[in-house]
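Below is one structure, written out as structure tokens; the observations come after it.
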Amino acid sequence: MAQFQEMMRQQLESSMHTELEKLLNTVTGAEKEVSKADFEGFKNLFHRFLQVKGPSVEWVKIKRPPEDSIQPYDKIAARGLPDNVADSLNKLVVVKLNGGLGTSMGCKGPKSLISVRNENTFLDLTVQQIEHLNKTYNTDVPLVLMNSFNTDEDTKKILQKYTHHRVKIHTFNQSRYPRINKESLLPVATSLTMNGQNAEGWYPPGHGDIYASFYNSGLLNQLIAQGKEYIFVSNIDNLGATVDLNILHHLVSQPNGKRCEFVMEVTDKTRADVKGGTLIQYEGKLRLLEIAQVPKAHVDEFKSVSKFKIFNTNNLWISLAAIKRLQEQKAMDMEIIVNPKTLDGGQNVIQLETAVGAAIKCFDNALGINVPRSRFLPVKTTSDLLLVMSNLYSLEAGCLTMSPKREFPTTPHVKLGSSFTKVQEYLTRFESIPDMLELDHLTVSGDVTFGKNVSLKGTVIIIANHGDRIDIPAGSMLENKIVSGNLRILDH
């Protein structure tokens, strides 16, 4: 039986290699060379995918991480900062994951180009933050964007506007991998071009691809040659992911033999974060456990706040020299995430992906740091957008901070209905963003609009039934209110 399975595996692999070769022959020159390098990575991933049997973790082997492997942020901050902050900063590179599109928020093009605050986009805020650091400390912290084939062209066009800012900006591209037919396990694309139906045949393989792409681009070696030692990696839509001088100082001040090569910022789980990946001890190593790896029988246990108390913010600090070493030794090992998709024509495909944090187990002296919740402020939906556009936050040098006027440091729970999903539609429903300083919970469903200077406090639930419309009048103050039915204020 095992022999037969091995034969089948070899046959599938051989068929895949033949198809990839055919795809490569549909282009010439530089494009062919880039795709050839991408395909090497894909072949390796596909090979591993065929070898995998059953879940990637055995539940009984999972242990809680030892006390000292996840440090509280306060303990790290208590050490204070040295006089020469600039020395530490000059060893740092900021990397933003910029491969995603704004489609889930109804926007065309890269998500990083959506306006989030005072006409500033995610990218504007990132550039402002780093420029502020470089001016304040007279340093040279560069910004690196990991683009995907979906975002590269639009991002490069927009980068021209930052030419006179005090930030060097580099970009490199994630790989482009072929989506594979769920049944045949062969590529669905017929050529390397991105025209027509072929465009659906390709995908960027998750942010775990950063290590190989960064290394292959030549940029990693270039930055090491400039004396850079660490990268701070985060999602571009996490507005809480700013450069933290305490964590940076902790990294660069370690004695050489004990150098920490990987820091994952984690934060306490709330009921809203039950799906986030968590840190565990597994076979003597710190390891990231994602919900996709959890056997069905244990999913509820994984989601419980009592057993797994923290989750990964995807703010990561990683040693450049360690990435280089692991890439050259081919020792980077990340679990494969099998992502099923259905194409527009109804065809079922799978994407093989990896996650950047999953490599934590490959690095020496890896550490989790339990950071304040404020370092995790992702904008995934218009509900998140409402929070960051409101007076709950003030903006200074590209950084959003919770207003001191808010009595509780927690963010309100906001749920906007499907009429608000797309950014353009959401914007037309607010004449101005309501005062939310004293808000705890907001649920809005159906055809609802807000006039100017509305104030929301406590728990506010507004539900317009199908066919009804609710206009919240200008200047209204709603405190612990449920509004439903048809409330339309007509102008005379």
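Note: Cβ is positioned from N, Cα and C throughout, glycine not excepted.
Because TrEMBL annotations are produced automatically, they should be read as predictions rather than curated entries.
TrEMBL annotations:
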| type | residues | note |
| --- | --- | --- |
| BINDING | LYS111, GLN174, GLY206, ASP237, LYS380 | UTP binding site |
| BINDING | HIS207 | substrate binding site |
Key: Neighbouring C-beta atoms (10 Å sphere around the C-beta of GLY206 (UTP binding site))   = 23
Tertiary neighbours of GLN174 (UTP binding site) (same chain, Cβ under 8 Å, six or more apart) = GLY99, MET146, ASN147, SER148, PHE149, PRO204, PRO205, HIS207, ASP209, ILE210, SER213
Task = Using all protein chains in view, find how many other C-beta atoms are within 10 Å of the C-beta of ASP237 (UTP binding site).
result = 22
Request  = Would you mind checking how many other C-beta atoms are within 10 angstroms of the C-beta on LYS111 (UTP binding site)?
outcome  = 24
Inquiry  = So if I draw a 10 Å sphere around the Cβ of the residue listed as 'substrate binding site', how many other Cβ atoms end up inside it?
reply    = 24
Key: Binding residues LYS111, GLN174, GLY206, ASP237, LYS380 (UTP) - maximum C-alpha distance in whole Å   = 21
Remark   = Filtered by Cβ under 8 Å and at least 6 apart in sequence, the residues in the chain of LYS380 (UTP binding site) near it are SER104, ASP237
